[in-house]
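Quick look at what TrEMBL lists:
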- 1-22: region 'Disordered' (REGION)
- 1-18: compositional bias 'Basic residues' (COMPBIAS)
- 55-85: transmembrane segment (TRANSMEM)
- 97-117: transmembrane segment (TRANSMEM)
- 129-148: transmembrane segment (TRANSMEM)
- 160-188: transmembrane segment (TRANSMEM)
- 227-244: transmembrane segment (TRANSMEM)
- 250-269: transmembrane segment (TRANSMEM)
Amino acid sequence: MYRRLRRTHQWPKLRHLQPPRPHMESATPLLFGAGLLAGAMNALAGGGSFVTLPALMFAGVPSVSANASSTVALLPGAATSAWAYRRDYRGFEQVSMRAMVAVSLTGGLAGALLLMFTPSRAFDFIVPWLLLVGSLAFAFGRQAGAWLRRRMRIGRPALLLAQGALAVYGGYFGGAVGIMMMAVWSLLGHDDLRALNASRTLLVGATNVVAVLCFTAAKLVWWPQTLVMLVAAALGGYLGAHVARRLPVPVVRLLISAFGFSMTALLFWRAWSHA
């Protein structure tokens with residue numbers, strides 16, 4: 001009877017937590033190459049998740065676990081960037097950096113929990129739309145931020161609300177969330193790009209850290225695939241930092257935008273062809 005009660009009170013297992021595993025050997029070159037490219041992209045201009053998430057899905061990892069594993073694989077690169085910018089952190093006039101970090105942690109937790117309870121089959125159809133939003137934000141976020149900045153300003157409540165909403169998006173998916181944050185912050189009148197980048201790395205990192213803890217506790221992360229991609233992303237980030245000195249930023253952003261839209265179209269086709 002005791003065993004029966006234990007079985008009765010266990011949490012229901014989510015279907016996407018323990019699916020059939022793909023053959024690791026055949027997927028390793030794809031994952032390593034994707035991690036290398038993603039690390040370089042993040043070092044150059046961002047958008048690494050446009051590569052890692054589709055690569056994991058095409059390697060056979062279910063979409064929810066692929067999203068969680070992608071976040072984990074790219075976290076070390078985000079952490080090193082945050083450390084590199086540590087002397088450039090600036091608070092906001094209306095809100096302290098501590099308050100922004102607290103809101104980011106809370107939003108990241110909410111987004112991660114929302115992802116954990118999203119069925120993989122439903123997420124298969126959500127992913128292309130999220131990638132589309134991220135690609136549009138990456139391609140046009142700076143222009144949109146500048147356009148809005150000429151027409152409006154926001155105060156403390158609106159800033160905290162917007163940061164919380166973006167942190168939820170970051171914990172749930174996160175594509176181009178840093179660019180979205182910078183576009184919102186520009187509405188405060190900030191134009192110091194170095195300080196904005198420093199705040200971006202810190203707050204995106206805070207969002208991702210709490211999400212990674214949730215994904216790890218829920219056993220959503222596929223560690224063999226993730227570790228291959230993590231090592232490759234670290235190497236790609238190192239190489240990308242050197243390449244960044246030689247390539248014009250507009251060219252890099254154009255290439256990453258084109259890649260993001262291509263992956264979006266491919267995942268739309270994949271989702272609807274398997275409907």
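Heads up, the Cβ atoms here are built off N, Cα and C, so glycines get one too.
Ranked by Cβ pairs under 8 Å to the transmembrane segment (250-269), the stretches 55-85, 97-117, 129-148, 227-244 are led by 129-148. Long-range Cβ contacts of the transmembrane segment (97-117) within its own chain (Cβ-Cβ under 8 Å, at least 6 residues beyond either end) map to 14, 64, 67-68, 89-91, 123, 160, 163-173, 199, 202-204, 206-211, 214-215, 218, 220.
Non-local neighbours of the transmembrane segment (55-85) in the same chain are 16-17, 19, 21-23, 27, 30-31, 33-35, 38-39, 42-43, 48-49, 115-116, 118-120, 123-124, 127, 173-174, 194, 197-198, 201-202, 204-205, 208-209, 211-212, 215-216, 218, 220-222, 225-226, 229-230, 233-234, 237, 267, 270; each lies 6+ residues outside the stretch with a CB under 8 Å from one of its CB atoms.
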